[in-house]
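Summarising the annotation, TrEMBL assigns domain 'Methyltransferase type 12' to 92-208. Annotation comment: TrEMBL describes 1-23 as region 'Disordered'.
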Amino acid sequence: GLRGRGRGGGGGATGSEGAETAGPSVVTGVKAIEPFDFASLEGWDNFYSSASSGVDGTGDGVVELEEYEWHPSLPHSAFASCIPRGSSIIVIGCGSSSLPRYIYDVHEGETSVCCLDYSSACVDALRERDGSGRERMTFVRADATRLEELEWDVVLSDNIGLGGPSYRPFDVVIDKGLIDALMCGEGWDYDVQRLIKSVSSILKEDGGLYLLGSFKLSSSTKEFLVETGGEVGMAWEFSEEAEKMSGSGMNNGRAELSRGVLQRNGVA
């Protein structure tokens, strides 16, 4: 699920404003997800299995994955506008969001999009829902905090533009709610630190971009991200709130889009 990896525990997400002990509800166009243990892989597998079974009600065996958007007040266009056409991007903890599909389609297939989630149920259903006709879109089941362990040339070998010997580090990593979900588990600081280091291992070393859509981060969490980012050469900018970008005021300043830029020069 959004969390990216399973681990026991369910402490409060004290580092992010608006995140609660049981996990915040995820608002959709129709309803909100009832909170469960967002730090549990089993919880996410159960959720996506439920979300992708019998939705169409036809009984013909067709499985349709229902879309759930973390931070719906952050418009997809806010992310897409930060990404040059022709980039290679990866959406970590993608869940069932339509964001990867939106970016792919609005860039008319010129941008390679990798959808990554730790829930097999999610990845399988998402591939079935969004994969048809999108040759430069891939779907990977993996732990977002251990991306350096993957053999990416093998994982993406069937993807035009990314696979085999032509594989290169990603230009952009998108995190829309993953860090929020990580903070719902005990020891979240370790998990977030692992995530930042993991992401830095697959990003382009000179100018690779980490787009983070999250609840409005507390000052202490921002300091933690700056410190952790400094260890891998990632500089953070915390400035763009969803309320300012959407113009709707519907999120009351609770969500923001932050940017981390990787510059490895001078970093051991």
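Residue positions begin at 1 at the first shown residue.
Note that Cβ sites are derived from N, Cα and C of the backbone, with glycine treated the same way.
No curator has checked TrEMBL annotations; they are predicted automatically.
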Per DSSP, how many helix, strand and coil residues does the domain 'Methyltransferase type 12' (92-208) have? 50 helix, 22 strand, 45 coil
So what's the average pLDDT for the domain 'Methyltransferase type 12' (92-208)? 88
